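These features come from Swiss-Prot:
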BINDING   Gly101, Glu124, Ile125, Asn204, Thr205, Cys224, Thr318, Glu319, Glu320  S-adenosyl-L-methionine binding site
REGION    149-191  region 'Disordered'
COMPBIAS  171-182  compositional bias 'Low complexity'
ACT_SITE  Asp227  active site
Amino acid sequence: MGNSRNKRGKREANRQRTVEALARAQSGADTGAALQLPQKKFYRQRAHANPFSDHQLKYPLSPAHMDWASHYPAFENPDPAQTNLGGFRKLLKDVEVVDIGCGFGGLLIGLAPLLPETLIVGMEIRIQVLDYVNTRIQALRTQQRHFKLKSAGGGGSDAAPESPAAPPTPSEAASPDSTTPSEQQAPTTLVPGGFQNISAIRSNTMKFFPNFFGRGQLSKIFICFPDPHFKARKHKMRIISETLNAEYAYALRPGGLLYTITDVEEYHHWILRHFREPEVDGAVPCDDGADGIKELFERVSDEELQQDPCVEVMREATEEGKKVSRNKGNKYVAVFRRKADPEWPA
């Protein structure tokens, strides 16, 4: 028991040192060039959280009451009169991309330079994991600001290049030799957008997803390596269901994409059934919801997916994706396009 308290104290002390170092770098008292990113081992938490428990979450009354400006200060509307129903400053653009169950933020970091002008948010229910992600993002933003200042002022030899370097390819990011250093050391070059376009919030998607996003607001939704909940009595906890798919369809604009990836073949077939894809392996569609889901989504062909760089990031840049690659496991990808709303009969 005493050893457990000692380990917990060490983790808390390390997290505090990380926060203090970040605060010094943000204030300009310390350089951000060698800023260390937080380490996952000091942000330990259970792998799963019960979505049906009362987690005492804070959530907006409606999308118009959400405080997005605190998450994306670089995109804050400069006009102080531009506020939403919650009294918070509006943004110059809306959040368009969501990573449901973002975990330790690998997909957010991978997508940030790929979509530098698009606001991306991760949704995570676990407190310690969310704390890690946001600390990591703040550290990356701080280092990028230092690099930009040094580049503009012709700083010393440790200054970043004047032009943003191309981000590493997903396969390079997923190499086993790069996973450990990349967690500890921030990037050494400028990246497009400077990670100002990503953030993460604590939320229970199964309960409060429509409280954050309005109708047709999103262009992409990612669900990467979700908890498979193998036991039949826990299937109701799966993040893919016809009920939830209807909510995703509400928030996705026509033509928007919903990306899914899992390393569990049974879950992959579950996903296909709940998006009404019975032709795959002779699967029979489920009967737990309305047939209207089939009218809202269509599956994207493999030929189209080969041209989508987001698919490669989803496969190789996430922490779970890297682990599956190291274990030489299979990855099952399915992407669905939001159809235009059907017309009402005359």
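Backbone N, Cα and C define each Cβ position, glycine as well.
Overlay of Swiss-Prot annotations on the structure.
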{"residue": "Gly101", "record": "S-adenosyl-L-methionine binding site", "Cβ within 10 Å": "21"}
{"residue": "Ile125", "record": "S-adenosyl-L-methionine binding site", "Cβ within 10 Å": "20"}
{"residue": "Thr205", "record": "S-adenosyl-L-methionine binding site", "Cβ within 10 Å": "20"}
{"residue": "Asp227", "record": "active site", "Cβ within 10 Å": "17"}
{"residue": "Thr318", "record": "S-adenosyl-L-methionine binding site", "Cβ within 10 Å": "28"}
{"residue": "Glu320", "record": "S-adenosyl-L-methionine binding site", "Cβ within 10 Å": "20"}
**OP:** Sorry to bug you, but what's the C-alpha spacing from Gly101 (S-adenosyl-L-methionine binding site) to Asp227 (active site), rounded to the closest Å?
**Re:** 9
Subject >> Farthest-apart CA atoms of Gly101, Glu124, Ile125, Asn204, Thr205, Cys224, Thr318, Glu319, Glu320, residues recorded for S-adenosyl-L-methionine, distance in Å >> reply: 21
Subject >> Assigned conformation of Thr205 (S-adenosyl-L-methionine binding site) - DSSP reduced to three states >> reply: helix
